[in-house]
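Undergrad: Found this in TrEMBL, in case it helps:
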DOMAIN    1-344  domain 'Acyltransferase 3'
TRANSMEM  7-30  transmembrane segment
TRANSMEM  36-60  transmembrane segment
TRANSMEM  81-106  transmembrane segment
TRANSMEM  132-156  transmembrane segment
TRANSMEM  168-188  transmembrane segment
TRANSMEM  208-227  transmembrane segment
TRANSMEM  239-258  transmembrane segment
TRANSMEM  264-284  transmembrane segment
TRANSMEM  304-323  transmembrane segment
TRANSMEM  329-351  transmembrane segment
Amino acid sequence: MDALRAGALLLGIVLHTLMPFVPGIGWLVVDSETSVVAGIPVMVIHLFRMHLFMMLAGYLGRMVLHRRGPTSYLRDRTLRILLPLVAFWAPAVLGLGLVAGAVALWRGTPPPQPPPTAGPPPPLAELPPGQLWFLAVLMQCVLVVVVVRAVAVRLLGADRAGRVSARLGAVLVAPAGVLLAALPYLVALLLQGMPEAGIAQPLTVLPQLVPLTAYLGAFLVGWWLHASSEALQRLAGRWRVHLGLAVLLSAALVLSYGVPVPEAARSVVVAAAGWLWVYGLVGLCVRHLDQPRPAVRYLADASYWMYLVHLPLVVAVEGFLLADLTLPIVVKLVLTWALSGVLMVASYDLLVRSTWVGRWLNGHRRPRVLFRRRSAEARTPAA
């Protein structure tokens, strides 16, 4: 699961570096070079990235709860999800606004427009979470599941409740189980409309029906998959089918973009394609990436920090350094990834990995890799 956990967050960074090159979306930075081709990976990544992240959160959440108990699990998620939302809100969200405004002044362009939202602007007391909205929704999912589980255990007993979860997990990995997994997301799309854009980010930390329906459903899928001992192996056996269908449906969505199609029909395809990607990628990683790999483990640990800090940095690199240069889009992308990636990884290794921040965000400290501390013996000259 390390590769998937890192990939779900790192794909978000890739997504945001592509946005300046997509014409007509009103992103924080609009590059001088745009192409509709850049919108294809943006659309495809949007299909599945957040479902994958929330599903993994549910899978790993049940694992932690059954190892440590519900109280320890809730304490851990409060420390690693809720507190980062509060602590990083000012530097990440306000910092992004300052950087985007400075870029607009630097380039002499209109100030950036806010992204599409799931509702009207909330009162200030509701704290708009900005790009950290996923932490607020994830914490809502954790609270709902912990409460519902406690009620189920009280009514059914722990063993019977566990058997129910295991049966649900087995149903979800049946041949048509992916369609059941996609149902909550489909309902959310039908409630919201505009399925091509996926679920719009909420403007408030308070629960909202559409995003909570979509992502609580994904969280529960992961929760129930963990309860079924054979679930991952069954997904591993069908990863080619799931990914093949995901590619076909994604291609159909790309080719039909702008073509009049009933919204309900498009919502069905969007929901099915997204969950086929999730099932296919999980199966692929279980089948071929199940052995520990130090580089993957490192990126899995670094990815949380990288995602929390990436957006102001990426906007600064693109806006101040690259947006007005006459270079191919691919070259600008590579430069953005290289410059921002080096800064994010270096800051993680130096400031986070072996410090209290690493213990806070990842639950552990690990030795630095890029900036290794020399031992006292190495610093002491020979007698």
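Glycine is treated like the rest: Cβ placed from N, Cα and C.
Model, not experiment: these values are computed from the prediction.
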Undergrad: Which range out of 239-258, 304-323, 329-351 gives the transmembrane segment (264-284) the most CB pairs under 8 Å?
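TA: Stretch with maximum Cβ contacts: 239-258.
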Undergrad: Hey, would you say the transmembrane segment (132-156) packs against the transmembrane segment (329-351), going by three or more CB pairs under 8 A that are 6+ residues apart?
TA: no
Undergrad: Sequence gap of 6 or more, Cβ distance under 8 Å, 3 or more pairs: do the transmembrane segment (304-323) and the transmembrane segment (7-30) meet that?
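TA: Yes, since the transmembrane segment (304-323) and the transmembrane segment (7-30) share at least 3 Cβ pairs closer than 8 Å, they count as touching.
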Undergrad: Do you know the mean pLDDT across the domain 'Acyltransferase 3' (1-344)?
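TA: Its mean pLDDT is 91.
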Undergrad: Mind checking which residues reach the transmembrane segment (329-351)? Cβ under 8 Å, same chain, six or more beyond either end.
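TA: Residues 13-14, 17-18, 21, 31, 33, 35, 38, 301-302, 305-306, 309-310, 313-314, 317-318, 321-322, 357, 368-371 contact the transmembrane segment (329-351) from elsewhere in the chain.
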Undergrad: If we skip the immediate neighbours and take only residues 6+ beyond the ends of the transmembrane segment (168-188), which ones have a Cβ under 8 Å from one of its Cβ atoms?
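TA: Sequence-remote neighbours of the transmembrane segment (168-188) are 51, 199, 210-211, 213-214, 216-218, 220-221, 224-228, 230-231, 234-235, 238, 242, 267-268, 271-272, 274-276, 278-279.
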Undergrad: Take the transmembrane segment (81-106) and find every residue of the same chain, 6 or more past its ends, with a Cβ under 8 Å from one of its Cβ atoms.
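TA: For the transmembrane segment (81-106), the sequence-distant neighbours (Cβ-Cβ under 8 Å, at least 6 residues beyond its ends) are 28-29, 112, 127-132, 135-136, 138-139, 142, 205, 308-309, 311-312, 315-316, 319-320, 323, 360-361.
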Undergrad: Going along the chain, which residues at least six beyond the ends of the transmembrane segment (7-30) come within the CB cut-off of under 8 Å?
TA: 36, 38-39, 41-42, 45-46, 49-50, 52-53, 56, 96, 100, 103, 109, 112-113, 115, 281, 299, 303-304, 306-307, 310-311, 314-315, 318-319, 323, 329, 332-333, 336-337, 340
